[in-house]
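Visitor: Before I ask anything, let me first share the structure, which is written out below as structure tokens.
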């Protein structure tokens, strides 16, 4: 009988989206800390680097001209305008991990998710909702990183973001980060077990029935 590797599978694209302040970045960080089978896709952006951020770790910070070149060269899986800046997912950040069987987490908005779905229908889309709009605003103000004007813009954009919730495969309310993490991680582990991703099954079944 042929030897098969039960660990051999195709990596998956795991998308997390939410309005700013709903907690997707926190959930993403917690998953990456606790699950070594998934890596983060580091996006490219034209926005200025913030204190404490590291180029190549938090984002690939590029000039608008460089971003234009990357778009023209077809280097992005998806890209979008967000608050006056552009963000994009580089193909090079994703393909190598997927082909090696490693999962890739993407922290992107609904615009990028729609584009990505057209490129690769086999993505897992998770949307994180705040428990209330009042709590969302409180979280934004607690961060102490934005002016009142920016917070007002973020709250307005949040309504647009939330209106796309039905386009996602799974939707969770983040009223407790630890509980929300468990739900998101359960989805990740279940999606890994889908037959279409466990590519070793083809060889295994062939060994059973020829």
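Yeah, the Cβs are placed from backbone N, Cα and C, and that goes for glycine too.
Pulled the feature table from TrEMBL, pasting it below:
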type	residues	note
DOMAIN	11-189	domain 'Guanylate kinase-like'
BINDING	18, 19, 20, 21, 22, 23, 24, 25	ATP binding site
Visitor: Could you work out which of the binding-site residues (20, 25) has its C-beta surrounded by the smallest number of other C-beta atoms within 10 A?
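Guide: Comparing Cβ neighbour counts within 10 Å for the binding-site residues 20, 25 gives 25.
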Visitor: Enter the number of other CB atoms within 10 angstroms of the CB of residue 18 (ATP binding site).
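Guide: Its Cβ has 28 other Cβ atoms within 10 Å.
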Visitor: To test your reading of the ATP site: which residues beyond 18, 19, 20, 21, 22, 23, 24, 25, same chain only, put their Cβ within 8 Å of the Cβ centroid of those residues?
Guide: 128, 130, 136, 174
Visitor: Would you mind listing, in sequence order, the residues at least six apart from residue 23 (ATP binding site) in the same chain with a Cβ closer than 8 Å to its Cβ?
Guide: 128, 130, 139, 174, 177, 180
